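First comes the structure, then the notes that go with it.
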Amino acid sequence: MLSPLNVLQFNFRGETALSDSAPLQTVSFAGKDYSMEPIDEKTPILFQWFEARPERYGKGEVPILNTKEHPYLSNIINAAKIENERVIGVLVDGDFTYEQRKEFLSLEDEHQNIKIIYRENVDFSMYDKKLSDIYLENIHEQESYPASERDNYLLGLLREELKNIPYGKDSLIESYAEKRGHTWFDFFRNLAVLKGGGLFTETGKTGCHNISPCGGCIYLDADMIITDKLGVLYAPDGIAVYVDCNDNRKSLENGAIVVNRSNHPALLAGLDIMKSKVDAHPYYDGVGKGLKRHFNYSSLQDYNVFCNFIEFKHKNIIPNTSMYTNSSW
C-alpha cells in the first residue's frame, strides 16, 4: 500500500495506468483502507455556466463569458478539442433568450462532443425536500430542549420563516433555482455531480449512448485549462476534489470534483446535511462536510493530511486560473 499523497500524485498525473487484471491500489485515512477506484477515459467531463445577466451578451454571442480575463467559453471549446473522444457537458441556467438558445445549438453543431444541458430539463426531484419539513424539524428540535436551554430568538425566526414560504415554492431545489449568486451555482453543481452519467443520458442528447447512467463524471470549473488528454484517473473510494493551498494552508474546494459513480455516498452525506439545516451552504456543508463525514474526518486528524488524501490534481490541468483576475460575477 502506498501513502495517500504519493498514490494521488502518481496516478492522477496519468503517468501510469493499472491493467484490468491488476489489483487496485489502496490508500488509508483515519484507520480505514480505500481502493483507488478508476475513472476511465470515456467518463464525461462536465462544465457549468449559470448566467445571472444574460443581457450583457451581444447578438450572435454564446452566453458564456469569453473575455481576455475570463476566456471560459474558449476553455470549454479547447477541452472539447483535446478530449475529442469524451462527451463534454455544459450545465447551463439563466433567463436566456430564444436567440441565445440558438447560439447554444450552433455551439453543439460546431463541436459535436459538446452537449448543452439546461438545468430546467434535468430531473433533480429525487434530491429535493420540502422547506417546511426542514423548518419544522429545526423548530421541533428547539422545542425539545428545556425552556432554559432554548434559543427563543432562533425559534421565533424559524417560525416566521416557515410562515413566509411562498405558495407553490415549498422546495429546497426551487429555493436555489431562484437565487442568482454563488450558492445557485454551487448547489446545482452538487446535484449535477450526484447524477453523474445520468445527467447526460436522461436529456436524450445524441452521442451519449456509451455513457452509463450509473457512472460518474469529471466536473471542472470553466477556469480550469486542459492542456492534454487526462487519461484514466484514480480516486480514493471513487471521489476526489480540487485542493487550494495558500501559505501552506490547504482547503477543500469545489472547482474540480471527480466521481466514478452516480450518487456517491460522500455527496449524499453532504446533501443530508443540506436537508437538515436552515442555513446550510452547498460548498461548506454539501461538499466539505459531506466528504469529512464520509471519510470519518475529525479534529483529531491533521486537516492537511486529509486534503492530501482527497486531492485531485493533474499535470494536464492548469487549475483556478481566475485567481489571477477579478471575479466574473
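Each residue, glycine too, has its Cβ placed from N, Cα and C.
The annotation N-beta-linked (GlcNAc) arginine is assigned in Swiss-Prot to R13 (among others).
Feature annotation from Swiss-Prot assigns UDP-N-acetyl-alpha-D-glucosamine binding site to Q48, W49, F50, Y72, Y219, L220, D221, A222, S322, S327, S328, W329; the stated evidence is similarity to another entry. Under the DSSP three-state reduction, F50 (UDP-N-acetyl-alpha-D-glucosamine binding site) is assigned to strand.
The C-beta environment of R53 (N-beta-linked (GlcNAc) arginine), restricted to residues of the same chain at least 6 apart in sequence and closer than 8 Å, is empty. Annotated N-beta-linked (GlcNAc) arginine per Swiss-Prot: R53 (among others), in sequence order.
Note: R159 (N-beta-linked (GlcNAc) arginine) has non-local neighbours I139, i.e. same-chain residues 6+ apart with C-beta under 8 A of its own C-beta. The N-beta-linked (GlcNAc) arginine annotation in Swiss-Prot covers R159 (among others).
Positions annotated as Mn(2+) binding site by Swiss-Prot: D223, N320, S322. Close to N320 (Mn(2+) binding site) in the fold, though at least 6 residues off in sequence, lie D221, D223, M224, Y242, D244, E253, G255, each with a CB less than 8 Å from its CB.
What Swiss-Prot records for E253 is active site, proton acceptor.
Under the heading N-beta-linked (GlcNAc) arginine, Swiss-Prot lists R293 (among others), citing similarity to another entry as support. Over all protein chains present, the Cβ of R293 (N-beta-linked (GlcNAc) arginine) has 18 other Cβ atoms lying within 10 Å.
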Can you tell which of the binding-site residues Q48, F50, Y219, S322 lies nearest to R293 (N-beta-linked (GlcNAc) arginine) in space, using Cα positions?
Y219
R159 (N-beta-linked (GlcNAc) arginine) - helix vs strand vs coil (DSSP):
helix
Name the secondary structure element type, per DSSP in three states, that contains D221 (UDP-N-acetyl-alpha-D-glucosamine binding site).
coil
For R293 (N-beta-linked (GlcNAc) arginine), what is the secondary structure state per DSSP, taken as helix, strand or coil?
helix
Neighbourhood of F50 (UDP-N-acetyl-alpha-D-glucosamine binding site), C-beta criterion under 8 angstroms, separation at least six:
L91, V92, D93, G94, R119, W184, F185, F188
